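Annotation source TrEMBL lists compositional bias 'Polar residues' at 783-793. The annotation domain 'Arabinosyltransferas concanavalin like' is assigned in TrEMBL to 41-204. According to TrEMBL, the feature domain 'Arabinofuranosyltransferase central' maps to 208-666. According to TrEMBL, the feature domain 'Arabinosyltransferase C-terminal' maps to 697-1070. The annotation region 'Disordered' is assigned in TrEMBL to 762-804. The feature transmembrane segment is assigned by TrEMBL to 19-38, 214-234, 312-342, 354-373, 405-432, 452-472, 514-535, 547-565, 571-591, 603-625, 645-663, 684-704.
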Amino acid sequence: MTSENSTVPPERRYGTWRIVAAVAGVLGFVLAILIPFLPVKETTTSVHWPQNGRVSDIDAPLVSYTPVRLDVSLPCSLVNELPAQGGTLLRTLPEDGPRSGRQGLVIRADAKDVIVADRDVALATASRADVARAGAGCTIGFVSTPESTIARFTGMPAGAQTSNQLSNTVADPNLRPQITGFYSDLPATTPVAGMDVKTQVDTRYNSSPSPIKLAAIIIGIASTILAMVALGFLDLRDGRGHVRIMPPGWLRPRPVDFTVIAALGIWWLIGPNTSDDGYQLTMATQAGHSGYMINYFRSFGVPENPFGWNDYLFTLISHVTTAAPAMRIPGLVFGLLTWLVISREMIPRLGRAVRNNPAAMWAGAGGFLLIWLPLNNGLRPEPAVVFFSLLTWVSVERTIATGRLLPVAIAVPCAALSLGAAPGGLIAVAALLAASRQIVTRIVKRRKRDGLLPLVAPILASGTAYLFYAFFSPTFASLREAITVKGVTGPTLQWYEEGVRYYYLMLETEDGSLVRRIGVLTAFLCLLTVLVFMLRRKRPAGIASGPVWRLMAVFFATIVLLAFTPTKWTHHLGLFAGYAAGIAAVAATLTMTPMMRSKRNRVFFAAAALFIVGISFAARIGYYWVGTYGIPWNTMPPQLFGLQLSWVFFAAAVLTALYGLWLHYRRDYAPEPTKPGGRAIPTLAILTMLMVLLDITTMAKGAYTQRGSFSWTASNARALQGDTCSMADYVLVEGDPNAGQLKPAPRPDGSVPTAAQALAGKSTGFTPTGVPSWVSPVLSDPGHNTDSTNQDVPETVGGKRDPDYKTDGVPLPFGLNPATTPVLGSGGATGLANLTTDWYTLGAVTDRTPLVTLSVAGSIAATGLNGVKRDGRTLYLEAGHRSANGAVQPLGRMTPIDAWTNNNWRNLRFPTADLPKGTDTVRVVIDDRVPSPDPVVLTPPRLTTMKTAQELLGRNTVVSLDFMVAFAFPCQHQVRALNGVFERPEYRISPDYLATINTSNTWQGWKTGGPLGVTDAVYHEQVVPTYLRGKWAMDWGTLTQFTPWTPAEPAQLEIGSTTRSGWYTPGPMRSAPY
């Protein structure tokens, strides 16, 4: 039986496909262009005050800091409810917080005037006497919108205008106040009649497609797919039938494949974190709560769109688990797929000599892994960018080889997906540009047969199909504003500042670590080698000149296009991983015999390779935060027996280069020495694979060094067994340090000293008033303040304020209770200042009490990280055993362990496992033989029962996690952004001291619209004593407890919805940092 389709003449069938390709392609393209302008359904949020019919303080910390609109109307009669000295009628930031008046609205009265002040600008004032005698129609009004801010007194009595500015209008969108809630000094019994405060929260990004937009998206995607299918049928007119997608035997594994798979698999388990894993994880997990992929840590909560589609992969995984191994699966899969494309598609296309050379395949694997492992591990977008950029290159090469255009229609959306993952995806555009002439030639060649529109329309449709994702929820107007805000908050560097990226690569920091330098510099060496060889020998035997030249063009274009990305971090150099593999394979082939017949040239190449190694070994091996724990040479360049290895490699490079010069000059007098039948040495393959081995072995060594404590290896292994809480299981917390304070032991005469008497013991120069003025529990908290200009000193939890630090009422750190915790200091002492406390009863030592701790300030000799000794005053913890008659026999002294390098309040650590056997009492001894100008401050020793951070915080306590730590604390409940308003956290977890000061407090601070600008305004922080299990000298980070400046109840949000057009905008967001 003959099908109906078989009776249709071929030309007629292809004519139908031409029409389908043209019509469907145009329809898909037009709908993609229209998508940004179609309407969406926006979820709206507003807050009213007072709520519940009474005056009370409420919290409503806005993600965008400022509202779309704020309307305030207060009866003038409220002034009479305030005391004679004055008070606050309304403010939008807590009074005691930093920048309260500088960034918020304050309507207040003093003894003489009533003032409406916004961002430290007094917009309207009136005499309090005039306001008091005003009638019932008098109101205090304030309206702030993106167009203007208006403050006014209405209904004032006659004559009030002569001495006051009763109204003012300022046309400045940046004058809108920051809102974290509404706070007032008015009594709770104040009548609320006439009080009306309403704010419209900025929820422009919390939207979903309208029915018409959703229909357009579905039709547009279907049309695009149909157009590509039609283009595929038009390709079949060449009569060649099916063209194999993968080469024969592509499923047959080789030793190099097993090596790459093993390296990627091992790295998935033991590899370090990147700087942004917590950033990506937080955005991914917040997407379901905020309603969009929020830029959580910066830029006032604008969306990541049009970039970041790959983050939704993590969102999907987070519905099952947030454990690190699961979150790393996309990166692992992209790595395996990238190697599949490299080994089965890219390298075979580079020529017979490359394809059949095992050393080339090994060099390609080494070049790929050498960049991929240190730069593309984790949750950053580079793995997706590399994979789709390679697919783009392979697809256009297939078009050039076969003359078919469906691969181009596939290459263009691959390039869009590459660009859509991150701005660095511009490298995929480089692949299209490098092959653009050949693509145009093939379109022109087929124009007479198939027509122009049927060929071009599917490509246009597939190239713009990414817009269906980018504008699925947001609109053109909202994303335009988001891009504007990001441009203001930055960082945004210009193309001519691209040198900054390579400057960072040469710094001795994590950005310029050995493992980063070696891969990038090796890729550049290979690129220059191939370029010089190809220029000298236009068509080397066995080398596919066209693909190689286009590969080099893409690599060079990648370097150029990276200059147009707004940030200049070195982790963007991970984009080179795919192309570096191909270039390394070609370079390995060209630098071996018989390609490079000159021994001189091979020697010079080896010298250049050794020089690159020397430059790389001049840096330490470093990763970010906990990723560096235990790794050898993480604080200094690699050395053996005191000899820095970079100089060894440099000397070897010089000697090798001198040998090459000898061969060069010798050529004029004698032929080069040769070894008939000698084996070619695969220099590049050996170099790259040895460096890959260095990456893996140093990380494995770090895991071994950290045994018993936190490492990614241990954490991931536990996660695979079901314990997914990572670092929260390794951080130990003194839940109640006051309960852990040791009790004074009875003296031999049977008397029991008080806490103050026991601490004083036998002392010279130590007094309760000897605490220097620079000792502050605030300054000991690296996360307290993101504004260096703020000099406010908050009250410590359990402590009290006192402007005179030299009294015995100084604020104590760590929540220590001044009523039960004495403090002594040697400030102001002349001559020797020594101390021997009374003995303290140690109590029961269990696995829950691994440390005796001592809160101190001042310079104290101690053992730091990696056993490094620190100079300072001599302090010991002396262990003793109490006999039956009450006498105590000293058993030995312990030197303290100190995780901090500054001299402010901190906790010295004495492991109970190191106490001499039989110890049941301890005392503190400060015993200097010569006078010291450095004062010491101390409190009694403690033996606190520890909890893990997971036991303290659990999964439900709301915690503000800095982006550097979020990936290591996957079980904690990160503050959510719900309907444009932040949840109220109880704690904050931040990284080590320097990372907090240099990264968290700047990147997440108020000047750039980060969440710390909200928590700073609402809370003050108290450091909670914490320790990293098994590595007592490690400054792992800080856990701080939040206490509100003004206790308040959560605001009741009024949620609604409305339809917005694609052109609608409520006005510019406030993004200026003043």
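One is the number of the first residue shown, and numbering goes on along the chain from there.
For all residues, glycine too, the Cβ spot is worked out from N, Cα and C.
Counted over residue pairs 6 or more apart, the CB atoms of the transmembrane segment (452-472) and the transmembrane segment (603-625) come under 8 Å in fewer than three pairs, which marks the two as apart. Sequence-distant contacts of the transmembrane segment (354-373) (same chain, six or more residues past either end, CB-CB distance under 8 Å): 254, 256, 259-260, 263-264, 267, 271, 335, 338-339, 342-343, 347-348, 383, 386, 515, 518-520, 522-523, 526, 542-544, 573-574, 576-578, 580-589, 592, 680, 682, 684-685, 687-689, 691-692, 695-696.
The stretch from 312-342, 405-432, 571-591 with the most CB pairs below 8 A to the transmembrane segment (684-704) is 571-591. Count of Cβ pairs under 8 Å against the transmembrane segment (547-565): among 214-234, 405-432, 645-663, the largest is for 405-432.
Taking pairs at least six residues apart, the transmembrane segment (214-234) and the transmembrane segment (645-663) share fewer than three Cβ pairs below 8 Å and do not count as touching. Packing against the transmembrane segment (571-591) from elsewhere in the chain are residues 274-276, 338, 341-342, 346-347, 350-351, 353-354, 357, 359-368, 370-372, 375-376, 380, 382-383, 385-387, 389-390, 393, 424, 427, 501, 505, 511, 516, 519-520, 522-523, 525-527, 529-530, 533, 540, 542-543, 548, 551-552, 554-555, 558, 562, 565, 601-602, 605, 682-685, 688: each is 6 or more residues past its ends and has a CB under 8 Å from a CB in it. With a cut-off of 8 Å between Cβ atoms, the residues of this chain six or more beyond the transmembrane segment (514-535) that come close are 367, 370-371, 373-375, 505-506, 543, 545, 548-549, 552, 555-556, 570, 573, 576-577, 579-580, 583-584, 586-587, 590-591, 595-596, 605, 608-609, 612-613, 615-617, 619-623, 633, 637-638, 684, 687-688, 691, 694-695. Restricting the average to the domain 'Arabinosyltransferas concanavalin like' (41-204) gives a pLDDT of 92.
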